[in-house]
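Participant: Submitted below is the structure of interest, expressed as structure tokens.
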Amino acid sequence: MKCQVSVLLGAALLCLVVLVLQPSTVRGDRLQPKGYKQTVEKLQQFYESFEQQVSREFRRWQQQGSMTPHFRHLIAASAIGKSERAQEIRELPTAREGPLCAICRGFGGSVLEFRREGASREEVFNTTVELCTMLNLQEESICRGLIDLNIDTILYIVDNRPELSSASLCAVVFQSGACVLDDPTFTEWQVELDPNGTPVTASKAGTPQRGLNDLKIVQITDLHFDPNYRPGYNAECGAPACCRESQGVPEDPAAGAGHWGDYRNCDTPWNAVEDLLDRVAEEHADADFIYHTGDIIDHGIWETSIGYNVRSISRVVEKFRQTFGETPVYNILGNHEAHPTNVYELGEVTRPDFSTNWLYHLSADLWSQWLPQAAQQTIRLGGYYTALVSPGFRVIALNNNDCYTFNWWILFQPDALKGQLQWLHDVLLQAERAGEKVHILAHLPISSDCFSVWQREYRRILERFRDTISAQFHGHTHKDEFNVFYASESPEHAVGVAWNGGSGTSHTNVNPNYVVYYVNPETYEVTDFESYAYNLTSANMSPDERPAWFRMYSFQEEYGLSDLSPAGVDAMIQRLGTPAGRDELRRYWEYKVKLADASLATDCTEECLLNHLCEIVTNQADDLRKCQELSETFFD
């Protein structure tokens, strides 16, 4: 699942507490206004001035033991609204990019300086908790929990990267145009690419409509099982995860959690997890494979532990084993499986208490019945693997949570991200030489919160092996959506499509769903998919009955496509980017939120619809060319 706004040690400890990883219905704007570059240039000067001003007041606070009225004014003016706690950074309006970067650099920079001047762990902890609370990033108890779980990792990085600046830290975490990353340590690394690729001269065409012999693959993702979920308990608690036993029963029954889940900041009760998996087994017993694309753990990210995560992961994987029997299940890790959440070790780290090996070894053991023995090595190394499903068809399962901008280890050794990407390239090169077609599974959509340099290198790999990669499958966003990749030097040509399976959870303001793909048995391209969901409002009105699952739509039927190739889907996007395609685009948005009552009640303006269209064609943080192109035809 996804992450949101905030400001951390150094800039990280404060940042992390608002990065509470919950989906948002807020309508951001992808397009940058006129004069944006000039504004950003001026902002850089403001950041330095603001950082110096906050630093002076921060020092006085530490020396005198009390805040000056001016410092309190700076904090009050910088405090975010409660509604922004749940927003994803990439969905915030462009106008908020500058202020949030300033908060990060100003207050985060002061804490960074504080540590480097000799502050102890306890002093840094108490200071950041107080600032976190005063800046309204989260309630105090959640600030305490999040900072306590993450502070040791961040202190290690700060202590061992003396050249790391607050400017670089904030630029990596926020990854917005207003937070400029000007540090070659982060940007000057590349995957070694095989030189034998061919130039992109046209969009990639593909297999026509689905046939009777197509393979059937079910994608299940983002279950977010919460063992603490209790029907009737407070669903309006204000925390990243509500509906939990510790949060009590509200006075107003309308604020109580539903039996089958809740549209508010609540995860999935066990009965809903069981029902989803049982329905897939009952209704799609002829499925050839299951793709399970991560995020088993709930959003209680301020109070996770290794033992807690192990219990939930083991329980869910055992349910997959019992439910699907001999049907192969290809699992990958989500950002929530790690402890602390999002934190996947990278680089040459010497402390064993920071290791993610516990998760990799657990995964290797739990997934072993579905995978060849050879997959064990890379799973235990880094949580990723490849498997030859059948002659001519290979699955590559990535652990791309390492590229999440909220994985603090990127700040420690950014070029360590190259390792798994180079492995991906090398496996694809072997597949190309063997004449195999490949499906790539990755929890994070490439366009969603992955570090921009990782995005750049992935796109280079995808473009080079576009004829070998038949499909990509993602999760994380909880939305029923897709992403189209375009050639970096010839953006008029579409070279790949990635499909998103939505989520088993209803967190936040979406209905639970799963997706059934139809795949050509020779090219292994997706020829169609059907998305299945149930209406949470109706399900909770009949707690003693199983939810009424229904087929929301067939992608091919809904949009009248001759094929789902990059070329075919690009033609659809061009249509949706005109006034004549407005009704279709609105239907796309309605299906994206899975016809959830809570989202449909908010509607989506034309600007909102354009934003959702732009999200389809944007897969690198600093490349808005396709979005700008669509905006020029949108209101004709």
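Using the three backbone atoms N, Cα and C, a Cβ is placed for every residue, glycine included.
These figures come from a predicted structure and were not determined experimentally.
The following feature annotations were taken from TrEMBL:
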type: BINDING; residues: D222, H224, D295, H478; note: Zn(2+) 1 binding site
type: DISULFID; residues: C132-C143; note: disulfide bond
type: DISULFID; residues: C237-C242; note: disulfide bond
type: DISULFID; residues: C243-C266; note: disulfide bond
type: DISULFID; residues: C403-C450; note: disulfide bond
type: DISULFID; residues: C604-C608; note: disulfide bond
type: DOMAIN; residues: 97-183; note: domain 'Saposin B-type'
type: SIGNAL; residues: 1-28; note: signal peptide
Participant: Applying a 10 Å Cβ distance cut-off over all chains shown, what neighbour count does C604 (disulfide bond) have?
Facilitator: 20
Participant: What are the DSSP helix/strand/coil residue counts across the domain 'Saposin B-type' (97-183)?
Facilitator: 64 helix, 0 strand, 23 coil
Participant: Can you tell which of the disulfide-bonded residues C143, C237, C242, C604 lies nearest to D295 (Zn(2+) 1 binding site) in space, using Cα positions?
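Facilitator: For D295 (Zn(2+) 1 binding site), the closest Cα among C143, C237, C242, C604 is found at C242.
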Participant: Of the recorded positions listed here (D222, C242, C604), which is spatially closest to C403 (disulfide bond) when Cα positions are compared?
Facilitator: D222
Participant: For the domain 'Saposin B-type' (97-183), would you mind checking the mean pLDDT of the predicted model?
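Facilitator: PLDDT averaged over the stretch: 93.
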Participant: Got a sec? Which of these disulfide-bonded residues, C132, C608, has the most Cβ atoms within 10 Å?
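Facilitator: Result for the most crowded candidate: C132.
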Participant: Taking only the disulfide-bonded residues C132, C237, C242, C266, C450, which one has a CA atom nearest to the CA atom of H224 (Zn(2+) 1 binding site)?
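Facilitator: When the Cα distances are compared, C266 comes out closest.
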Participant: Around the C-beta of H478 (Zn(2+) 1 binding site), how many further C-beta atoms are within 10 angstroms, looking at every protein chain?
Facilitator: 31
Participant: Would you list, in sequence order, the recorded positions among C237, H478, C604, C608 whose CA lies within 10 Å of the CA of C243 (disulfide bond)?
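Facilitator: Among C237, H478, C604, C608, the ones whose Cα sits within 10 Å of that of C243 (disulfide bond) are C237.
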Participant: Can you grab the distance from C604 (disulfide bond) over to C450 (disulfide bond)? Cα atoms, rounded to a whole Å.
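Facilitator: Cα to Cα, C604 (disulfide bond) and C450 (disulfide bond) are separated by 26 Å.
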Participant: Between the disulfide-bonded residues C143, C237, C243, C403, where is the Cβ count within 10 Å the lowest?
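Facilitator: Ranked by other Cβ atoms within 10 Å, the disulfide-bonded residues C143, C237, C243, C403 bottom out at C237.
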Participant: Taking Cα atoms as reference points, which of the recorded positions C132, D222, C266, C450 is nearest to C242 (disulfide bond)?
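Facilitator: Spatially nearest to C242 (disulfide bond) by Cα position is C266.
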Participant: Rounded to an integer, what is the Cα-Cα distance in Å between D222 (Zn(2+) 1 binding site) and C608 (disulfide bond)?
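Facilitator: With distance taken Cα to Cα, C608 (disulfide bond) is 25 Å from D222 (Zn(2+) 1 binding site).
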